[in-house]
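Some features that TrEMBL has for this protein:
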- 161-183: compositional bias 'Basic and acidic residues' (COMPBIAS)
- 209-229: compositional bias 'Basic and acidic residues' (COMPBIAS)
- 540-549: compositional bias 'Acidic residues' (COMPBIAS)
- 4-137: domain 'MSP' (DOMAIN)
- 128-298: region 'Disordered' (REGION)
- 539-562: region 'Disordered' (REGION)
- 318-359: repeat 'WD' (REPEAT)
- 360-400: repeat 'WD' (REPEAT)
């Protein structure tokens, strides 16, 4: 076996650390150093004593995986003395064929047989491995937070500081009440240095017995009352416990929330003030008592209303294309809508605001379809015989793929992010075709390679749509005239089955992302929608549903008409 070069483990030694719960844990980062997808698996000589999560998987180009290794405690089945002799090994292999990628995709979906068949297909010459040394902690570990540090190096905690402050406040309160400090209380009866304390206590008790304030104290109290009344007048009713207009405005400003566009999302409104009584109203002036106090007004809580609900509802119209729109598609989150038009443009819109986010300008003819994968890569095709690969966020063209004729449809493969299918019309001596391509990156440049090409006369006519189907998206189906749907093996290009979905032309077919065994077709003349079951689910027995990967044929059954 060759040394490990496609994957770089970091660190190169497994260093176990003691967690707070007492368990031994180690982390290893596996980084892909190859120019394509890489599969890996990690083994140990003590599988009953150690848990590896994940023990196997695949890493895309330029990415890495974090692997956690945990030693099982004896109560969970681990051996107490097996840690000093344990060994770990990492094995890796490059993924080079479409069949291997399909097996790994099935393994990621929970099919253990797919991973088993993948490693069985790797020869010993292509398998790389590396043994990782193990470093165990000492018998008396030193925690990072230094829980057992010397007392002189420890700083007082916040709880200790609060406790000391509380004790000091309590002692001060007791001193104010009795006129003695805590030391005086411990020393016993007053005397010597505590005599002053006793005099202060006598003065304090005398003041209690004679509650009449002196003349100077009475004047100070009157001054304080006048100042308090002045502050109440200056601050309105706020100081007296009533809300003023300024108080309402401050609260409204704090509770009103603005959206990205500067418009209020949550709008706060206050109730209208009560109308003032008329001049001759008897409730306004009392002849005997003078002006009567204002009547009590019921305080209503602030009303939180959505600005969108308060406004009148209206339809959002997206106006950005100068010619008819040919295709629409959402991204995975459902917050961005992509529209294609005959004006050579593809536009991204925010949902539900309807704001134009980006414009993709690169086609030299009408744009017929688009497709977006989960990595933010956008595919578009059009009448200029090109398929363009875009970075969706920056609207930058990454690659151009030229085909013989007008490209009518393009669709990413589910699970295999860099593989896509498309169909094009014929032009002059070049026949119409259905192709499967895959992008690859070399030295920073993105290129596309054709893996499967199905042309006329193998095709009965030019296809108007292509889609991925099957339990693991291993089938490719093409839509043709006269309501015919043909299923193909996406790895070899061989025909698997034909489905006359309708008696006449079919406008569109749709396959759900969650289950590739279902297909819906809509007829143009009979105005019917038919739901088909392409394959019945099989049991998940080892080797039962992977004996002939890609060789299973669809068996369409009509489920319902709409």
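Counting starts with 1 at the first residue shown.
Here the Cβ of each residue, glycine as well, is placed from N, Cα and C on the backbone.
All TrEMBL annotations are machine predictions without curation.
Applying DSSP to the domain 'MSP' (4-137) sorts its residues as follows: 26 helix, 54 strand, 54 coil. Helix, strand and coil counts from DSSP across the repeat 'WD' (360-400) read 0 helix, 25 strand, 16 coil. Taking DSSP states H, G and I as helix and E and B as strand, the repeat 'WD' (318-359) has 0 helix, 22 strand, 20 coil.
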